[in-house]
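See below for the structure under consideration.
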Protein chains: 2
Amino acid sequence: MDNLDLAAVYVSDAQYNRKIVFDTSPQAIRLYLLYNHWGMQFLVYAFIVIDLALAIFEDPAVIPLPIWATTMIEIVCLSAFGFRLVHYAKVIPLERFWKDPKNICIIVIILLSLVDIIIYWLLKAIGLFAVRWSRVLRPLLLVNITEGRQLRRALRSIRNALPQILCVFLLFMFSVFMFSLLALKLFVKRGLTTTDGDAYFTSYLEIVFDLYVLVTTANSPDVMMPAYNSSVFFALFFFIYILINTYIFNSVFLAIVYNNYKKYLKQEVRQLVKVKRHKMVQAFELLQEKKGEETVVTQASWNQLVRLVQPDISNAHRELLWSVSDNSKKGCIGKGAFVQLPDLLNMQVTIEKAEQPPLQTLLPPLYLSIPSRLVCRMVRHRLFVYTYDLITLVNAVFICLDEENLLIANTEWVFLALYLLEILLKLYTFKPRTFFSRHKFWNWFDTIIVISPLIAMIINSVVKSEGYTSRQILDIVFILRIVRLIRVVDRIKRVGVIINTLIKMGPTMLTFGQLIVVVYYVFAMVGMELFKGKIHFFDVKSTHPDKAFCGNPLLKNSSFAKHNYCKNNFNNVISSFILLLELTVVNQWHVLASGFTAVTHVSARIFFVLFHIVIVIIIINIFIAFVLEAFFVEYTMEKSDLQSSLEKKIKELELGIKHDVRDDDMSSYEPTKEKPEFLFKIKSKRYKTLDGLMQKMFEADIGPEIFAEDEDGDADKS
Amino acid sequence: MDNLDLAAVYVSDAQYNRKIVFDTSPQAIRLYLLYNHWGMQFLVYAFIVIDLALAIFEDPAVIPLPIWATTMIEIVCLSAFGFRLVHYAKVIPLERFWKDPKNICIIVIILLSLVDIIIYWLLKAIGLFAVRWSRVLRPLLLVNITEGRQLRRALRSIRNALPQILCVFLLFMFSVFMFSLLALKLFVKRGLTTTDGDAYFTSYLEIVFDLYVLVTTANSPDVMMPAYNSSVFFALFFFIYILINTYIFNSVFLAIVYNNYKKYLKQEVRQLVKVKRHKMVQAFELLQEKKGEETVVTQASWNQLVRLVQPDISNAHRELLWSVSDNSKKGCIGKGAFVQLPDLLNMQVTIEKAEQPPLQTLLPPLYLSIPSRLVCRMVRHRLFVYTYDLITLVNAVFICLDEENLLIANTEWVFLALYLLEILLKLYTFKPRTFFSRHKFWNWFDTIIVISPLIAMIINSVVKSEGYTSRQILDIVFILRIVRLIRVVDRIKRVGVIINTLIKMGPTMLTFGQLIVVVYYVFAMVGMELFKGKIHFFDVKSTHPDKAFCGNPLLKNSSFAKHNYCKNNFNNVISSFILLLELTVVNQWHVLASGFTAVTHVSARIFFVLFHIVIVIIIINIFIAFVLEAFFVEYTMEKSDLQSSLEKKIKELELGIKHDVRDDDMSSYEPTKEKPEFLFKIKSKRYKTLDGLMQKMFEADIGPEIFAEDEDGDADKS
C-alpha cells in the first residue's frame, strides 16, 4: 500500500464527492476500499429495500407471512446494518465516529427495533395487545446511511426553511381563523342548508375545517353554493378568502421554500467543493516531486494514478485529459491543474473509434458497390429520418382507429416490418458498435420496441394464454412506439432544451422519490395502526349486502361510500401508499378524510391535515423549487471554463466530431475521408453525477480559489 | 412659459415615469399639462368604468335599461375617448401619433363600436337577430389608454413568453394524447363502469378530455376509481400520468413564464430608466449655467424648480434634499446630482415637527404635573402595547363564544370602551397631528374600528331597521378589530418582512386585477352570447317543478343539477364573472363544463378548455412569478445608495428619529430635551410608485451610467 494507492483513493473520493475522512494505515485503507465497493453499497440498499418491504408481509399484510419469518428477516437486516456500521467504525477515526449524528441515529434505530421486537413477543406471549411501533423508524435508515447524502441534504434544507415556514403558517392560520369568525357571524343564523339538506356551517371548528379545505380548492365551489344561492354578495367573501389564503399564501410558501432551498444548496455545494479540493491537495502532496522551484506531479505518476482510479479508461481518453491538464506541454503539472482531475474525469467524453462497418471489412467490393453506396447515402439523408417520422405519425393515426377492423389490426405488422427495416438499414450503414453504444438511448429504444412485439408474438402463439391480456401488452408496446414522435419535436431547438432539462433532472427525482418514500412510509405505518380493517373493499362483482357502505355501517349514506372510495383504505401497505398518493394530489381529500373520521373519531382529521401540511406545503414546494432552479440554470448556463478548454483541446488536435450532431441523430453524420483514428465528443451539458450539475449551478458564486486549509469537523457532517 | 416651466414638466414626467415626447411650443405644453392633470386622468378612467359597466344594463341585464339609453351612454363614452385622443394628438408631434399602435387601436375600437351600433340598430329595425359583438373590444380600451402602461407591460411580457409556452404546450398535449391512447388500449374493452353505472372511458376524445381534466386534478381520484377497483396496477398508470402532466409540466410552465417575466421586466425597466434620465438631461440643459469649466444648476433655480414640481413640499424637506444633492456645499450641482432629483422626490420622507401636544400648550401646569407625566410615561411604555394586545386576544376569544349569552354580548361594549380609552390616552400623550398623519395606517384603522360601531349603534337605534342585518354589520366591525392582532405578529422580524412585502405588492395587484378584468370581460361577453338563458336559477324557497334540473330538461339527472350549480350561469354579467372565478379556482370545472355541454353542444367544452388554458397556464403563473420575484427582491435587497446617502445626511444633521421605530408603534418614542425643530424619517424600503420598486429590483443590473443619448422612437412604445 504505497502513496499512489492512497492518492488514488483520495482522487476517487473527490470524483464521487465522498466526504469521509479515513485512517491512513494500510489496513484501514484496504477496509475503506472495501467499504466503498459498489457491491457493499448494493448490499446495503438491498437490505434496506428488504427491511422496508417487510411491511408487505407483516400484519396488515398484502401477502401474509408467519410472524416468526418476518421477525427473522428483520433481525438479519438489522445485523447487516450493524455490521456495516462496525465496518465504518474501523475505517474512520473513532472519535469522529462518535461525533457523527448519523451513526448514533443508526445505532438508536437498531436498538429500538430490537427492543420493540422483544416487547412485542413478550406481550404476545402473555396474550396482550401489541403494536410494532418501531416500523415507523425503518425509513430513517435510508436517511442515515453514508450513501444517503442527497437525502440528508434535502432534509437539512427543509429543516433550515422550517422557522420561516412556521412564521408564514401562523400568519396563514391566523387568517383562516379570522375568516372563519367572519363566516360564523355571517352564515350561522341564516338557516342555510347544503344540497343534501344538512345544516350549513354549524360550528366554529367545522367552519375552520371547511375553510381549510377550501384553501386546497378541493371543496370549491360546493362550499360556497348555499351562501351564493342565498345572496350574490356572499360570493365576494369566498373569493377574497381564496385570493388571500390560496393564491397569495401558497405563493409565499413557494417563495420561502425556494429561497431557502437555493441558499442552502449553495452552502452545501460550497462545502462539497471545499472537501473535494482538500482531498485533491492531499493526493497532490502524496505524489508531488520537486522540479526547480515548483512542486509538480509528473506525467508518469499521473498516468499510474488515473489508471488506478479509473481502470476502464482508454489510453486515448487519458492522453486527451493529460494534454488538457498539461496545456504548456512541460511533462508535469502543478497543483492547480492537478486539482481539476476529478472534474475532468467526470466529464463525459464519448470516444468513437474510426472503425469500418463489418460488411466493409468482410466484403469490401460489395459494400463499396454503387447500389450499396446509394443505400448508405439514402440512410444518411435527412429525408430518411423525415420519412420515418411520417410513418410513425401514420402509425399513431392507425392506432387510434378502430382495431376491430382486421385490415387495420394487420397494418401493425406492416409498421413493425418497416421499423425492422430501418434498424437493419442503419446497422448496415453505421458500425454496430456505434449504433449500440451506451448513450444512444433512442437506438436502444427503437430496437427494444421492434423486437419485443416479435418475442411477445412468439410466446403468445406458443403458450396460448387467455388472449386478451397478452394482446393488450402487445398493444402497449405498439403504442410506446409513438414515443418516437418526441424525437420530431426534440429537433425544435426550444423544445430540445426543455426535454434535455427534464432528462437531466432524472437523478434528482430519485432523491425526491426517496424523500417521498420516507414520508409516505411513516404516514402509512401510523395510518395502518389507526385505520386498518375499518373500511372494507368488496370486489366489483360481489353482491355482498355491506358493499354499499364499505362494510362499515357508520359509512351508510356517507359521501365516501357514495363516491365508491371503499378501496381507498389503510388495510395494507400498498393501499395505504395509493391512498397517500391520492391525498398528495389533494382533490377530494376532504371526502376521503370524512370517511375515516366517520369510522373512527377526530384523530382521522388531524392525521389527514398533518399529512396535507407536510406534503403540500413542504415536499411539493421543494419539488417545484427544484424544477424551477434546474430550468433557470439551463436558461442562463454557459459552458464552464474546464469544459470549453477540453473542447478547445479536442478541436486543436482535430479529434472532434461536428458538435451540433445530436448523439441520437445519426443522419447527418458524414464520415470524412482523412479522419483521425479516434473521434471525441463531449456530451456537453451532461454530468455523470448530480453534484456535478449542482456545482455548475453555483460555479459563478464559488470561484476557483477555495482551497480548504482547515480540516475541522466539516467532513463529519456529510 | 419659460424654461423653468418646461424643465418642471420634464422633471415631473421623470418622477412619474411618463414616457410621452411632447411639442415644446408654449401652447402644446399648456395642453400637455392639462392632459396629465389628475382630473383628466380620473375622467378617462371614469368613462372606461361606465363603458364597461354598461354590461350590467344591456341584455342579458342585471338591471335592464332600454336599449336607446345604453346606446346613448356608450356614444357619450366613445366621444369622450375620441376627445381624449384628439387632445393627445395636439400634444405630441403628429408623426409620432400615427406611429403609435395604441392610438391606432383606440381609433379602431371606437370606429368598430360605432359600426356595430349602426348595424345593430339596422338589423333590429328590419327585425333580424342582432348581436352587439363590439362589446368584446371594450376592455381593450383599458390596455390602450396612455395610463395603461403597467397593463401593456404585463401583456407584452406574456406575448414574449408565448412562443416558448406554445412549445411546451405542444409537448404537454403530445403527452396527454399518448397517455390517452394507452388508456384506450388498457381500459376500453374491460367493460368497466363508473359509480353511476355509466360506461367508463368510451371513446378516444372522451378519454383525452377526462385526462385533460385530471391534469387540473379536478376529477382525481374519481376518474381512477373504476380502474383501480378492477386492479391495483392500474393506479400506477394514473400516478405516472399525474406526475408527468400535472407536477412536472405545471412546474415547467411556471419556470418559463417566470423566466420570461423577469427577463422582460428587466428590459422594460432599463428602458424606463433610460427615458427618465433623458428627460432629466433635457431639464438640466434648460436650466444649466456656466460656472468656470462646468455647467451647473444653481440652488436658486433648483429651488424654484422643486417648488413648481411639488408645490406641497415643505421648506425643511426641500433643504434636506438640496443638502443631499449638493453634498460638497458649493451652492450648485452638476448633471449627475441633478439627474437624481426624481428619485429623491420619490423617496418617502416623513417629517415630524417638534410640536407639543395641545394640552401642553394650553395648560402647561396640568400637563406637566406628576400624575399627567405618569400617564404619559405609562402610555409610552411597552407594557401598554402588550396589555392592549392581550385585551384584543381576550376579545377574540369572547367573539368565538356563544353570543346568545347576554353577558358575553355586552362585553363587546366593555372592549369598545377600552379601545376608546386607548385612543384618547394616545391622543393625550402624542400630538394629534402625529397620531393622524398620513402613513399611520394602524392608528387610522383603530379609530375607524372604534368609531364605526358607535355610529352604527346610533343609526340602528334611530332607524329601527329589521334588526338582524344591522346587528350583523356591527358584528363584522367587531370582528375586524381582531385584525389588530396582526400587529402582534408583525413585531416578529421574520413575519414583519413578509407582511411588508405583501403590503408592497398591493399596487401591482391592481395591474393584475385589470388584466383579469380584461380577460374575464372578453370571456363573459362571449359566454353570455353563447349560453344566456340556457340554465335558470330558482330561488331556494321556490317550489317550481323545474327547479331540480335548473329549468332545462336536458339537465335532468346531470351531475351539474345534482350539485345544485344552477346559479352558475351566464345569464348576466355578474353571474358570468362569478362563474369565471370558479373556473379560475379550477375545482369541479369539468362538472360546470358538463352542464353547459349538455344544454348546448361541443362548443361549450372548447370555451371552457380555452379559458382554462389562458387563466391557469398564463395569468396565474404570472401572478405566482410576481409574488416570487417580490419576495426574492425583499430577501436580497440592501438599501440603495441614494437612500443611504439621504439617511447619512439626516444623521449628519442630527435630524433623525431612532430608525428602528416602527411608524405605527409609538410606545418607544421618547422625546429628548434638546431636540431639533424637525425630525425626518425615511420610510425605508417603501416606494411611492411601483416603478420605483421595479427599478430597485434591477438596480444592480442597470448601473448608474446609462444616459440616453439616442432619441429614437423608444418613448413611443410606452
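Cβ atoms here come from the backbone N, Cα and C positions, even for glycine.
All TrEMBL annotations are machine predictions without curation.
Per TrEMBL, the features are as follows:
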type     : residues  : note
DOMAIN   : B:41-264  : domain 'Ion transport'
DOMAIN   : B:383-634 : domain 'Ion transport'
TRANSMEM : B:38-57   : transmembrane segment
TRANSMEM : B:63-83   : transmembrane segment
TRANSMEM : B:104-123 : transmembrane segment
TRANSMEM : B:161-187 : transmembrane segment
TRANSMEM : B:199-220 : transmembrane segment
TRANSMEM : B:232-258 : transmembrane segment
TRANSMEM : B:383-401 : transmembrane segment
TRANSMEM : B:413-429 : transmembrane segment
TRANSMEM : B:441-463 : transmembrane segment
TRANSMEM : B:512-531 : transmembrane segment
TRANSMEM : B:569-586 : transmembrane segment
TRANSMEM : B:606-633 : transmembrane segment
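When Cβ distances are compared across the two stretches, the transmembrane segment (B:232-258) makes no contact with the transmembrane segment (B:63-83), since fewer than 3 pairs at least 6 residues apart fall below 8 angstroms. Tertiary neighbourhood of the transmembrane segment (B:512-531): same-chain residues 52, 55, 60, 131, 133, 135-136, 138-140, 142-143, 148, 150-151, 154-155, 569-573, 576-577, 579-581, 596, 599-600, 603-604, 607, 611, 614-615, 619, 622-623, 626, selected by CB-CB distance under 8 Å and a gap of 6+ residues from either end.
A Cβ distance under 8 Å defines the sequence-distant neighbours of the transmembrane segment (B:161-187), meaning residues of its chain 6+ beyond its ends; these are 200-201, 204, 207-208, 211-212, 215, 227, 234, 237, 241, 244-245, 249, 252-253, 256-257, 259-261, 264, 613, 617-618. Averaged over the domain 'Ion transport' (B:41-264), the predicted model reaches a pLDDT of 89.
A Cβ distance under 8 Å defines the sequence-distant neighbours of the transmembrane segment (B:199-220), meaning residues of its chain 6+ beyond its ends; these are 176-177, 179-181, 183-184, 187-188, 191-193, 226-227, 238, 241-242, 245-246, 249-250, 586-590, 605, 609, 612, 616.
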